[in-house]
Ligand SMILES: O=P(O)(O)OC[C@H]1O[C@H](OP(=O)(O)OP(=O)(O)O)[C@H](O)[C@@H]1O
Ligand SMILES: NC(=O)CC[C@H](N)C(=O)O
Ligand SMILES: [Mg+2]
C-alpha cells in the first residue's frame, strides 16, 4: 500500500512544497522510499531516495524543483525489492517525451506482461510492476491520444492500480475499475491536489472535491481539469483493510469516515465479545479508535496500558520480519502504574503475523497485569493479499492454519476474540460486493492463479 500524490499549482516554486506536505501526511502508507517528479518547462526533474519523506527531502532539494505539475510517492514494496532502483515515481523517456508514474497497488499479471514485453525486445531497469505500467503507457502514447492510451493500458492490466502520472506537463490520475485503492481530489486557490487519502488534501489547505471513481481518470492540462470515464466494471472491490488498518482515521474514503468505521467496529466488538475487566487499553496507534468504541460500549474504564514512542513508525509495513520484531520492543512500553493487579483488555485493529500481539501481551503481564484479554477489530486474516498489502503467503499469517484457541495460546492471552465478518460489514456500511474481503474469506474479486474467485 503506497501513498500517491499529484499536484497542479500555478505557482511553480510552490509545487514541490505542496507535494512534499501531501506526501508527508501519507507517510503511514509507505516508509521505504519517497520521491517527487516535477514537470518543468522542457523536462521532468525527479528526486528519490530511500527512507522517510523528511530524510529524502530538504529545502535545498525542493527549491531546485520548479514546475506547475508534479507527482509524488511513498513506497511500501509489494513487487520488487526495497531498493532505490524501485523507488517511485518511475521515469521513462521515449519519442513522446518524459513520463513519470506513481502507483499504489499491485499487478497480478506482472510476470506475463513483463515476459511479453521482453519478447518484443524491451529492457527493464527495475523489478517493480510499476515500470510495466510506465512502459506500456509510453508505448500506447506513440499511437494514441491520452484517453485512448489509458483505455488500452487499462485493458492490459490485471490487479490494483491507483495512479498519478505526468506525461510531460500533463497531470493524469487514474483509479482501476474495481477501485481497490483509494484516490481523491481537492481544489485550492493555487490549483488541484490529488492524493490517496483526504488527509493529504487537508494538509495542503485544499478543499476536498470528491473521490476519483473506479474506472475514472482525471486529466489536468494547462490548468483545465477534466474527468473522463476510461472503463466500466459491474462490481467494485475496495480493500476493506484500508478501513481496518491502513488509512488514517481522519480520512474520508468513498464517503465513509475511517474514524467512524473504526469506532463502530469497537462498539460491535464489545457487544459480540464482552469481557469482565477493569480497563480497556488501545494497542497504539491503529487500535486506538476501536478501543475507544469498545470502552464506551462496554462501560469499562479507558486507560492506557501501553505508551508508544512517537518517533517509531509502523512495524507491520517494514520489509523484513527481523526489523518488525525489533521495532515492536522499542515502539511500545507498558505503564506499570496503570496495569498492576488489573484485568486488562487490549484492543488492536488486526492480528496479521502476530508480531505485535505476541510481544505486548507479555509486556503488559510483566508489568503486573492480573489478566490480559485480547480483542481484535477485524475477523482473522486467513489468506494472502495480491492487491497491494505485503502478505503474500499463507505461512506468514498466524490465523491461516490455527484455531482461535491456538492463536490465544501462541500470544499468551487469557482470552482472545475477533470481530465477526457480519460485524465488520455492519461497521463499514458498504455492500460486500463492493469490497475486497479476500484476506478474510480467501475469495478473490478477480482471478488469481491458485485461488478461488468470486465475481
Ligand atoms: O500481527 P502483526 O503482524 O503484528 O500485524 C498487526 C499489527 O501491525 C499493525 O501495527 P503497526 O505497528 O504497523 O502500525 P500502527 O502504529 O499504525 O498501529 C496493526 O495495527 C497491528 O498492531
Ligand atoms: N504497496 C504498493 O502500492 C506498492 C506499489 C508497487 N507494487 C511497488 O511495489 O512499488
Ligand atoms: Mg498497530
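In case you wondered, yes, glycine gets a Cβ from its N, Cα and C as well.
As annotated by TrEMBL, active site, nucleophile applies to 2. Look at residue 2 (active site, nucleophile): DSSP puts it in coil.
Positions annotated as [4Fe-4S] cluster binding site by TrEMBL: 239, 385, 436, 439. For residue 239 ([4Fe-4S] cluster binding site), the Cβ neighbour count at a 10 Å cut-off comes to 27, with all displayed protein chains included. DSSP assigns residue 239 ([4Fe-4S] cluster binding site) to a strand.
According to DSSP, residue 349 (Mg(2+) binding site) sits in a coil region rather than a helix or strand. The feature Mg(2+) binding site is assigned by TrEMBL to 286, 348, 349.
TrEMBL lists 2-223 with the feature domain 'Glutamine amidotransferase type-2'.
Same-chain neighbours of the Mg(2+) site beyond 286, 348, 349, judged by a C-beta within 8 angstroms of the site's C-beta center, are, in sequence order, 244, 245, 282, 283, 285, 287, 288, 290, 347, 350, 376, 377. DSSP assigns residue 439 ([4Fe-4S] cluster binding site) to a helical segment in the three-state reduction. You'll find the Cα of residue 286 (Mg(2+) binding site) roughly 17 Å from the Cα of residue 239 ([4Fe-4S] cluster binding site). With a cut-off of 6 Å between Cβ and the nearest atom of ligand 3, the recorded positions 2, 239, 436 reduce to an empty set. Ligand 1 lies within reach of 286, 348, 349 from the binding-site residues 286, 348, 349, 436, 439, judged by a C-beta closer than 6 angstroms to any of its atoms. When other Cβ atoms within 10 Å of the Cβ of residue 286 (Mg(2+) binding site) are tallied across all protein chains shown, the result is 23. According to DSSP, residue 385 ([4Fe-4S] cluster binding site) is assigned to coil rather than to any helix or strand.
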